[in-house]
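K.L.:
What follows is a single structure, and I will ask about it in a moment.
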């Protein structure tokens, strides 16, 4: 990766990195990665592309052709991208999810940094997840990455709530795979089983929303206010808006809570390291991009 003075502008040698998602325009990732590159003098640019779900194969091949250095995936592409890249890491194989792709001389290698990013954000907030129970809403790419990393990192029990659709059995198989390879116990419940959700949250230390419910103009919450209690840590991986309806409930009840900004920061730092070999200047990015 060529380095330039931090004041340099884009030139003919600038390497492209990007985010593929639907939606994608709300993302803070371009500001985060471009700022980090400027601070470190790395000659790269990072953009966000909002593409339709049926365009993922074409987009991946276009990025390969353009010799992009790598790219991130967000909803709904963390699972669907896998057939169109060349290899995936063990972490991605376990979770069935890819959020980071590195282009190594034309070979596209997929990895997942969502889980470790999420766990690092919890530690940064002073929440020690070791030996704890988590209620996890959702079973998409980010949710599975969180579940896999949490199970491998010492979380004792995870209850996953998933819509009972055609992929429900796949989620049950995912839970069985994690149970067989870790000391964590994962159970799967239908999202519409309100009694099971209430009981799960009542006995949990942390509630995590890893769905897109509450994103942008969606004012709904999968969890009623009355299911929350003051000693429950509530987290939402959504960061736009900064306060979802679920987090507004948490604030009203007096729960400690956090949105997905720091998860984005830490998973982004892991992606940046894979692409450039450099450590993202976390504290500087917190102040400049996230304003905390």
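A Cβ is built for glycine as well, from the same backbone N, Cα and C atoms used for every other residue.
Remember, TrEMBL labels are computer predictions, not curated facts.
Computed from a predicted structure; not experimentally measured.
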K.L.:
Figure out which of 54, 99, 212 sits with 27, 28, 29, 74, 114, 239, 267 in the shikimate site per TrEMBL.
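P.N.:
Of 54, 99, 212, 99 joins 27, 28, 29, 74, 114, 239, 267 in the shikimate site that TrEMBL records.
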K.L.:
According to TrEMBL, 138, 139, 140, 141, 142, 237 bind NADP(+); which one of 115, 214, 260 is listed for that same site?
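P.N.:
Looking through 115, 214, 260, the residue TrEMBL assigns to the NADP(+) site is 260.
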K.L.:
Quick one: Cα separation, residue 74 (shikimate binding site) versus residue 142 (NADP(+) binding site), in Å?
P.N.:
8
K.L.:
Neighbours of the shikimate site 27, 28, 29, 74, 99, 114, 239, 267: Cβ within 8 Å of the Cβ centroid, same chain, sequence order.
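P.N.:
Same chain, not in 27, 28, 29, 74, 99, 114, 239, 267, Cβ within 8 Å: 19, 72, 260, 263, 264, 268.
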K.L.:
Same-chain Cβ contacts of the domain 'SDH C-terminal' (260-289) under 8 Å, 6 or more residues past its ends?
P.N.:
1, 17, 28-29, 31-33, 35-37, 39-40, 42, 44, 69-70, 72, 99-100, 102, 111, 113-114, 116-118, 120-121, 124-125, 235-239, 242
K.L.:
State the count of C-beta atoms found within 10 angstroms of the C-beta of residue 141 (NADP(+) binding site), not counting that atom itself.
P.N.:
27
